């Protein structure tokens, strides 16, 4: 039987190694992850903060998305996924030339060896061009910086943020990515980080808390009262984040395969479970369900499942959802208020709890619950399994713990050094005069142009009729003006 025309090799646009289905899914997954940031987190950040910080918060996310892409293709992709320079860092080089981007995708350093030096698993070689892989991995790098920004909203100097983004990408993100994904020492040791529980969420949570410490707190009035300016729009951003996570975890196997399907299902199961548990705890302890709390619970569920989404069974995803909806709730709602350190550090959106705590929890639970048959579908190390499945699984949990300590330590140190260097040239925190005003002082723009917002009623500008020396409104029975306080 003749091969269908759509699957016949047609050089050079469709070489023999190209799988159109895998390529289509990878580009779709990359776009879904990109939508989580732009516009997902742009909308969420602009809506969840006080009205006077809506523009600034959205701009921090928008700028990071663009800046990361340029840095990524200029040098950072190959620092994270290129040839080894150090056991935790790749050799930086551009990913721009057509010869590099049109060849078959390969992560050379992901070849894995037995202790005797023989090859245990070959390097990862997806069935699509390097361009698809470069773009897919960019979206992960971008969302990491944008998540980190959540810790310093409402007071970080925008110029300091603009300097911080490329420096942190180069000296922090690429190290974690190479160490765990690109063939570095943690990858070779067999640490499991399916789709970024450590590389993205633990690192952004720890770096965010560290940045919040060095930048300093918001104004006292903002810390005491920081209501969202648009809850419904916040939910729209959260929805983009949730749905985009199917690309986040579904694209991690680098193919449209069985593991991808398992990962997408587990991702949604864990997120839903976590949201329900968080909401239940809000009702039990505070008497009413909180929409913001539900979004936080959704987030912790998505983060927690990420390190093992394609490697655990779906009943384990429910268990992980129960724990991710309760443990971060306890750390945020109870321990945070009792901790002197956490009270001192102004983590605006609680990124430490929703990402660092949930990411660490997910990584450790993966070390317990990773199912051997699912591990064989993806992992380079033979007989990988969680501790609950015996056969050396206890060592896997230890590896997960050690890797977490490395990620925490590296982000604490690198973020501190980067910010202290920037501080020599640019103040990290806005002056109090700008903090009092917000967006208008920083950008010369405001999020909402609503009549009556800070203005007095001027009858000469709003269609009143003159009668003698007085002005009479033509709308005798209508409203005389409404001030909308967001």
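Glycine is treated like the rest: Cβ placed from N, Cα and C.
Sequence annotations record features per position, and here TrEMBL assigns domain 'Ammonium transporter AmtB-like' to 24-448. Feature annotation from TrEMBL assigns transmembrane segment to 24-46, 58-80, 133-153, 165-186, 198-216, 228-248, 254-278, 290-309, 315-335, 356-381, 401-426.
Remark: the transmembrane segment (198-216) makes no contact with the transmembrane segment (24-46), by the rule of 3 or more CB pairs under 8 A. In this chain, the transmembrane segment (58-80) does not touch the transmembrane segment (401-426); fewer than three CB pairs sit within less than 8 A of each other, excluding pairs fewer than 6 residues apart. Averaged across the domain 'Ammonium transporter AmtB-like' (24-448), the predicted model reaches a pLDDT of 94. At the 8 Å Cβ cutoff, the transmembrane segment (165-186) and the transmembrane segment (228-248) share fewer than 3 close pairs (sequence separation 6 or more) and do not count as touching. Cβ atoms under 8 Å from those of the transmembrane segment (24-46) belong to residues 54-55, 57-58, 60-62, 64-65, 126, 128, 132-133, 135-136, 138-140, 142-143, 146-147, 149-150, 153, 230, 233-234, 236-238, 240-241, 243-248, 250-251, 254-256, 260, 295, 349, 447 of the same chain, restricted to positions at least 6 beyond its ends. The stretch with the most CB contacts under 8 Å to the transmembrane segment (228-248), chosen from 58-80, 133-153, 254-278, 290-309, is 290-309. Note on the transmembrane segment (290-309): residues 44, 48, 192-198, 200-201, 228, 231, 234-235, 238, 241-242, 245, 248-249, 252, 262-263, 266-267, 269-279, 282, 316-317, 320-321, 323-325, 328-329, 332, 350, 353-355, 357-359, 361-363, 365-366, 369-370 of its chain, located 6 or more positions outside it, place their CB under 8 angstroms from a CB of the stretch. Note on the transmembrane segment (133-153): residues 26-27, 29-30, 33-34, 36-38, 41, 45, 49, 53, 56-57, 60-61, 64-65, 68-69, 72-73, 76-77, 80-81, 95, 101, 105, 107, 126, 161, 165, 168-169, 173, 177, 196, 199-201, 203-205, 207-209, 211-212, 215, 248, 251, 254, 347-349, 351-352, 355 of its chain, located 6 or more positions outside it, place their CB under 8 angstroms from a CB of the stretch.
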